[in-house]
């Protein structure tokens, strides 16, 4: 099987601060990979580096078997990858519809409209909110629109950064169902960055435990002790 | 009285026209383009070239815009691009570019004032008891077309959505696949094109010389600063400052008019760093 | 334990003086010698060049050192020039008129600058960096307009010319101009090299950090701006006294542009660079405008753009760097390193804190504090009390309001409602520098230090606690309170004492900021993720230092930290913040066993737990 995303000995950080000190990971096509770790472990930094927002100081990043380290963000993103950032994920003064549109600029107008219908089927409440300004959505609604925007252009790889933070269990279940459905229908590869064990358990296929800028351990959810290992890693 | 009102509207139209390019560059790129005045001058000389060749004066408008666009694009690629994240240095560099442009124009056309064929000529006509020159109507028309056109583009096209997205959150825009560098190049070029276009429009108000843009750039700067980041606010700002200038010049002295145009935005910004757009946003 | 060391090696200040004298003699020779050989025209041009050199170096103090991008230098200079011109033309050329012109010009420029300073530096709303540039540009334009339309008083666009002045020969003017330039240059170099000069550079580097170590930056910037502009006006008086011509074209936007060019080309924050650039450009201009009349201004503009693009620090510093790197290739630079290490024991003295306060005393009261950003409620009715000797950790998920809370404590303008008392005194809506003086010391999440200062200088500035130091001398002794000294000792700051703060490692940056904050001897020490990015070893050292500080009973520590192991080890109390509200407040055992904290750290939904 071909790897969709792989990092090899990746180093990166903010200015003089090295946050990632040698991250190596490999995500195969149609994996749902859960990247788990406490605050400050470097999860978001890893995503930002993959996206080219932060420059990798050493190591390689392959997306769809193509080296992307050093490429500008917009080119990495338009290669069939979409992401839902954790913070500042919306153009607050633009409408929900405009926010969705900005997530699929490379699609034609008609592709966008059919894609929009598809995500409205996933999250029906969006239909009534298209004209609403994104900044006025509630936290839960924002999380769902964020996921919808990422899935709309039918990406082969989706990166989700703690989309469930601060959400109600019902909303979390809904988001998970949508992701599962998209995964089964289109064989989407998904990388979820999470601190919530309940969300990834029974959904992700593999996991990586991140700590101090490195992946300390990896495993498969097929193993019986997976949830315990993750909980232990996150425990205080 | 009516005449004074017409003067305010005409002046406001001119203010709007000369500052809209600066607004676009400042709001999307966060760059104060002090070469704006040089582009106004370039527009003026586009009109000179048209006149000298005996072409139809209307041709000066598209010519100015195209020349402005191309030169703006070149400047962005060579100079402005290297200074993202150093906003104060951008002020300096664009100022330096203005000096170079002024010099090149002096070399090519000489330092003396040039006169051009007017786009809109014709005798003033009478409405009620005041005389209105066709040129005044022309400036109002230009401002209207620019204002309405840009508003439509910003509101209803992908271009507009992308531009607004880059203004609000450039980092997110990149994450969604927008090439912000490309947006910046086009923005700078468009701002320069609008400046040169405005230069061709205002030619009849001031003779064309290499320093023609300098007084205008300060005015445009002040109109934009008072406005903040928004087209409607720019309109309000242009009207407000035009009223201040026209009335102060009429009742007091021209110096007071110029003073007000500068002092008003300075005081406004002190209280509301986002300018007039502060009030439009808090609906 | 660090030892108290007194230094009896010859102080660097002394050797500086003698070196300074040699330089002064050398510079005087360079400046004054040409008058012996030059003819009238050339030395006349040189007088103008000296005047412009003085203008450039004064502008450099404002812009290069204090970081205030000013376009107003030409206008201030013009105020002086016109004051003299008007008095000479409309009254009479006399010494009394010169004195009057000086007084009027200095007062007018000083007052105008004070108003600009009040507008630009005292605003509590966050005005942009552009603002002062805009205001000063506006001043230049208005000034030019005013003299253009000033009628007979200012002579309109022709200006005032040909008025009588004192009959001195060119050589005398030359000597006066040269001495003036040297005096201004020498004084400027002395001031920027003094302890006060250090503060100016600190303000330029990082104004926020300055305010959080108690420096009243708005006041300092306003005073420097006003004094420099008053001096520019005085130089303007001398200018028109010499040239007997004042015109809008000489002191308007053209001069404003030229001043910028000189300072940029010569190199910001070098004093000598801008002065040299002004002199060279002024001398070269008439020459080159005759040989290449059409290209000279354009060439100057082009050079200006190239320097901004590729040598943002200016030509002189670039040359200087070139020489230095050439020397280091030959191996001459090693002496500097050796010197730094030899001094390692005499870098600072340590002082025990005066025991004036008692552990257990309440030192911080937060009463019903709320904070809103638009419709978003970052903090809702937060109340807590902290005693001396306590280490209170604030924990909670991202976006819970932890940083908002410490912002509210350290800046009076941050909270939307509620009140905060430091040692029983309300912080009102005061600026950070005043709250710092009440005893709050804040370490930021991302180390906030002065990049171009050395480690030693950063710490030294903090020890002044916002008091204005000598504007003439540089004192070499640094006296650190015990806590700061301990950090400097144990976290390796001594080894990098003379290295620029921008060149030290991440861990050292964190240690440096901690040492700076401790040098303030705060009664409330706020630490926002002090161990982020530190190694395990460094973490434990920081933990030990904090524990020892706490044991003195002098201060209370408020800690925001993600590393819960660290929190558990050193806290005396923990507050859990979720969605801007305190959901738990208790001892380490109480809080760490609660479900809420587990959730806060696991990032689960908190809403259903709270119901």
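Residue positions begin at 1 at the first shown residue.
Heads up, the Cβ atoms here are built off N, Cα and C, so glycines get one too.
TrEMBL does not curate its annotations; it predicts them automatically.
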| Looking at B:135-154, B:155-174, which one is transmembrane segment according to TrEMBL? | B:135-154
| request: Grab the same-chain neighbours of the transmembrane segment (B:58-80) for me: Cβ-Cβ under 8 Å, and only residues 6 or more beyond its ends, written as numbers and ranges. | output: 29, 31, 33, 35, 39, 42-43, 46-47, 49-51, 90, 93-94, 97, 116, 119, 184-186, 188-197, 199-201, 203
| note | Long-range CB partners for the transmembrane segment (B:6-26) (under 8 A, at least six residues beyond its ends), listed in sequence order, are 32-33, 36, 39-40, 130, 132, 136, 139-140, 142-144, 146-147, 150, 187-188, 190-195, 197-199, 201-202, 205, 216-217, 219-221, 223-224, 227, 229, 231, 234-235, 237-239, 241-243, 245-247, 250
| query | Is the transmembrane segment (B:33-52) packed against any residues at least 6 beyond its ends, judged by a Cβ distance under 8 Å, and which are they? | reply | 18, 21-22, 25-26, 59-60, 63-64, 67-68, 71-72, 75, 80, 90-91, 94-95, 97-98, 101-102, 105, 108-109, 114-117, 188, 191-192, 195-203, 208, 210-214, 216-218, 220-221
| said: When you look at the transmembrane segment (B:216-244) alongside the transmembrane segment (B:135-154), do they share 3+ Cβ pairs under 8 Å, ignoring any pair fewer than 6 residues apart in sequence? | reply: yes
